[in-house]
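**Student:** Got a structure for you, questions after.
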């Protein structure tokens, strides 16, 4: 105790002991109070030494003050003691504790005011557009969301109807909002009830997930602490506004507003997908669809996609070709990657028809004939053959000069221990039992997967074979099934595919080295002279068509085995032995299905699999499909199924590129509609500017990607398809997929998510290797030397192969430049692939579109590219083939772009150790260019911006939009924002920013003097100019005649009115301002009542698409000072009223709205919503909306939306709510929103049962839905339900059919009670008034009825429906015998559907017919027991 007595000494201790504990009390502070405070501080984990100084006391006060409201008496006493001690330290004279607290409060207020004054100068730097702000006392208070924001939100939903633009608009409008604000926004949406219900379901699901992940902590909440928010708290249903503010501003904060907004955005995404159901991935060209129609559909869907322009450009470049039908795709790929849209459309005209095929054949014949003539002149000497290395496979050097690491073993036979020159075999022994380059035993598949994927004995044997991917050769003496059983398993000779299967073949007496390629249909050899006749042919090759000579019945000897078939001779990069020869040798290639864990897939809720009949197919297509499916079955990709699978999807076949082979296609459109939605795991493509510089680079491509990933076993049954037989000779053969099918919407996202799982085991032990993966394209980089780099590349390929993924050699790029994702990569730089701008005398719309696309693609590395003038040529609805005349500006722009593209430009790679800088230049004509760089003159990437955004704008506003685009792009590519260098002076920026700080966000930036600089051309005054003439301006126009007037009246007696034609109200308002500026001096005050005109001019535009606005801008620039103000119209303001009468004369229609006063009276009494007033008093909606907007009691929250949950007519929800310490029992009719409510004396079962019986006596109640409260689970309520025949159900948390309706009605009822509480003395009276207002004075929801009208309508409709059903059931007891036309024989019996005066409607089997009464006999159906010999139709005739 003595130790802490040293806190105060001498004079301070005397002053301490003179202070009274309470005003007017006798007790004074003593030394023991200091000792007590010392001990209490230790309880609260605060340092007692802080009591020694005034600064320490101030810190303690700051720490304790927030907990005072919820703290104990001891905490309050401790705070009072420390506050008094602070005054003693500061030598502030006080008499008692209350004075000390008052002094502390005064000091805090002064400090707060100083802080706010100091921050006033910097107010422009931080956005204040948040609903939660700090008041003068330092407390966080809530500013309700403004009506202007709500109006903007409602307008967006009404105009856009949940198109993709709704989500960013919602995000912007709800910045910083609390859950209560967000609910207000959602409640203002009047229509779109289905969408709102979807949103509500999503919120409920997310809230339940939140509760699962954040369980409630056991035990009570500690003093001074907030409880943790539950899911329903975040959604604003069970939390108060004060709790929401406390969570959002606490330490640490819980951003409940942001969390709730994220849930809403998830729901909005689902709604947007529902309203825009067609994805760009679903746009595919039909087999016979013209290419032009397909392109029209493609670009129409592309506009609705939620993607950046770069991604849309990529979609155009890749998906347009990828989703074309095979005939068009063959031609499009032959055109190359840089083909324009016009070239594509021209090339694809009439594709597939006989005329097209004749043209192709004629061209091929002429080419071959020319070649033949040339060969005769040169005595058949072929081109000199380039030398080729045996070791690495490259041309240009021999194996002894090869620098690549030497292959192990003999290059001919594959055995180790000798080299090729010492090899005795001189021929590749690929058919021996011992494997070349044996790699050891690879992983084996689990037996379950083998059974699922390989139904036949033969395929099971292959799936369990030692190698992951192998070529099997069936010997001439294959085992019988019995023999196989005796020996245990078949043991065919195998060739591993760890290296390329190159063999030596003998053809036409010549030895050649060739590649065994099971992926090739045909056998293709490089230039070789073969005997016999040949015919010309074109086949699809790498990069386009290859012209070849076709020789038939050619004998090829492969390792002692002979095969006879067709051989094609032409300029192939490698000799290929295709399937036409390999099948004769009995070879098959086994692709195992990857052992990746399958992704579970389901159908959409409430949907079943597709049951689409197979359409007829020609005999040749059936044969082709049968062969393809047998091969796929052997490889385990599909399995046979029986009749127990009820699902089916149509299958068909189309010719491949060379038009000799067939390709199987499955029409998965119906399955795609029924399959669950997937989230695209990868939302964009990687950009080379974001790549870090690497010493060594390799680019790989994954082959047979989809067919290597297994499909969820539970979902496989839905992929069933049938191969029919000709003339239904035999039952169709049924299959289902075991792997991801081509054309199914789940294949891309599942493959995207599977690849990272496969690459992760390789990435972890190889951190020095960087892998960029987009779908099946792989970029692999490292800082290793090229020799060291290639070793892990081979490891990666082997790793992928073990998982069932191949990396074909033909797409394995080892040397620069690397072609990747449309770019060209070099070791230290990158660029876009070469771009050639076409030279044309006449340009079509299609030409300009392709030209702009090329320039946009080039602009990411070529600085200064402009397309604005070219884009202007495309305005308006024009056909693709329309001729466009280039304007002088467009020709100049095109010429400038040609000059820019003449010199190749490269970008460098990103260095994380250096700063990222973005510099912007203004190009004029609303066009901007920018560069990202880390070192001067070494650009990472460039770009352009040419979006105006609004009709009236200025350069500063555009500059902010450019900065935001750049910041977003930078975050996507590099994960951070750059330092900006902007062509605008700080003074200019500050002048605009002072008034428009809320318009946008600007990061850190510095001024760069790059002309032309951005500047403001004029500024408006903030206050009226004294001694200057004031112009009151106004305009009016008639909607029907389009005749209007504009003019002004001045405070000095001047006036001017001009008549206008073909105008609108908005134009006349602007015309009036222009007249005032024109007729005034260098300084002027202008007063308008047009918010539209005021908004345009206050934004200080310096350019506009409107001629009138441009004239106003010119006048403003010429003035020295201008003050512009707004006053509300029709409020009796002097000058405004005078000019209004002048311009309205003969223009505006005068409306005598007698109901306005009555509507205002009604609203003051009942606070009716605007729909009810508009309906009852027959006044335009704008008037009641204004009445509601002006009522302070109706601005608490948006209107409640009724009838969102569609339930049966007999369901009611009951709940108890509390107000003013009393209990209100509320019952809500779910289907209509009708309310019954009463104040009950106690929350007991007896009172609840009595209320329930009263309710059942007034309305038909079949089911009641309650929570699990003790009064609802009581025996009294159960007895009342039993007696009245009511079924009782209890609520389930977060179930939309649970207590959601009554919970929302509780809030609505309390809101109405708050509006009318002053009119009633007792709460029970106010409750009944509120029930009356809700049921009969509020309209909205289903049908636009009030709740009272709606419940009556629903019950009446229910009675009518039941009555109608009874009549239908009665009428179905009759049967009809009838005669048809002149046929004398009676037919029947048929079902009676309807009986009229002159005719009856009957159903005979599946046909519905109308029969005249005179030709029909109606009898009652008495069943089989009455069907005796005497039961004749005529005797039972009811007519």
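Cβ coordinates come from backbone N, Cα and C, glycine included.
Okay, these came from Swiss-Prot:
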| type | residues | note |
| --- | --- | --- |
| BINDING | 1034, 1069, 1089, 1140 | Mg(2+) 2 binding site |
| DOMAIN | 1025-1148 | domain 'RNase H type-1' |
| MOD_RES | 130 | phosphotyrosine |
| REGION | 7-31 | region 'Interaction with Gp41' |
| REGION | 8-43 | region 'Interaction with host CALM1' |
| REGION | 12-19 | region 'Interaction with host AP3D1' |
| REGION | 73-77 | region 'Interaction with membrane phosphatidylinositol 4,5-bisphosphate' |
| REGION | 105-128 | region 'Disordered' |
| REGION | 187-225 | region 'Interaction with human PPIA/CYPA and NUP153' |
| REGION | 275-361 | region 'Dimerization/Multimerization of capsid protein p24' |
| REGION | 441-485 | region 'Disordered' |
| REGION | 493-497 | region 'Dimerization of protease' |
| REGION | 541-547 | region 'Dimerization of protease' |
| REGION | 580-592 | region 'Dimerization of protease' |
| REGION | 818-826 | region 'RT 'primer grip'' |
| MOTIF | 26-32 | motif 'Nuclear localization signal' |
| SITE | 219, 220 | site 'Cis/trans isomerization of proline peptide bond' |
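Can you walk me through where each of these features ends up in the structure?
**Tutor:** DSSP classifies residue 1089 (Mg(2+) 2 binding site) as coil under the three-state reduction.
Tertiary neighbourhood of the region 'Interaction with Gp41' (7-31): same-chain residues 38, 51-52, 81, 84-85, 88-89, 91, 94-100, selected by CB-CB distance under 8 Å and a gap of 6+ residues from either end.
The average pLDDT computed over the region 'Interaction with host AP3D1' (12-19) stands at 87.
Remote same-chain partners of the region 'Interaction with membrane phosphatidylinositol 4,5-bisphosphate' (73-77), defined as residues 6 or more beyond its termini with a Cβ less than 8 Å from a stretch Cβ, comprise 40, 44, 64, 67, 223-224.
Sorting the region 'RT 'primer grip'' (818-826) by DSSP state (H, G, I as helix; E, B as strand; all else coil) yields 0 helix, 6 strand, 3 coil.
The residues of the motif 'Nuclear localization signal' (26-32), classed with DSSP into helix (H, G, I), strand (E, B) and coil, number 2 helix, 1 strand, 4 coil.
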**Student:** Just to verify: the residue among 1034, 1069, 1089 with the fewest other Cβ atoms within 10 Å, which of the binding-site residues is it?
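**Tutor:** So among 1034, 1069, 1089, the binding-site residues given, the one with the fewest Cβ atoms within 10 Å is 1089.
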**Student:** Looking only at C-alpha atoms, tell me how far residue 1089 (Mg(2+) 2 binding site) is from residue 220 (site 'Cis/trans isomerization of proline peptide bond'), rounded to the nearest Å.
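**Tutor:** Each residue's Cα considered, residue 1089 (Mg(2+) 2 binding site) and residue 220 (site 'Cis/trans isomerization of proline peptide bond') end up 59 Å apart.
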**Student:** Can you tell me the CA-to-CA distance separating residue 1069 (Mg(2+) 2 binding site) and residue 220 (site 'Cis/trans isomerization of proline peptide bond'), as a whole number of Å?
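**Tutor:** Per the Cα atoms, residue 1069 (Mg(2+) 2 binding site) and residue 220 (site 'Cis/trans isomerization of proline peptide bond') stand 64 Å apart.
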**Student:** Measure from the Cβ of residue 220 (site 'Cis/trans isomerization of proline peptide bond') and count the other Cβ atoms within 10 Å, all protein chains considered.
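**Tutor:** Other Cβ atoms within 10 Å of residue 220 (site 'Cis/trans isomerization of proline peptide bond'): 8.
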**Student:** Count the residues of the region 'Interaction with host AP3D1' (12-19) that DSSP assigns to helix (H, G, I), to strand (E, B) and to coil, and report the three numbers in that order.
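**Tutor:** So the region 'Interaction with host AP3D1' (12-19) is made up of 7 helix, 0 strand, 1 coil.
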**Student:** Please report how many Å separate the Cα atom of residue 1034 (Mg(2+) 2 binding site) from that of residue 220 (site 'Cis/trans isomerization of proline peptide bond'), as a whole number.
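**Tutor:** Between the alpha carbons of residue 1034 (Mg(2+) 2 binding site) and residue 220 (site 'Cis/trans isomerization of proline peptide bond') there are 66 Å.
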**Student:** Taking DSSP as the reference, which of helix, strand or coil describes residue 220 (site 'Cis/trans isomerization of proline peptide bond')?
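**Tutor:** Coil, per DSSP.
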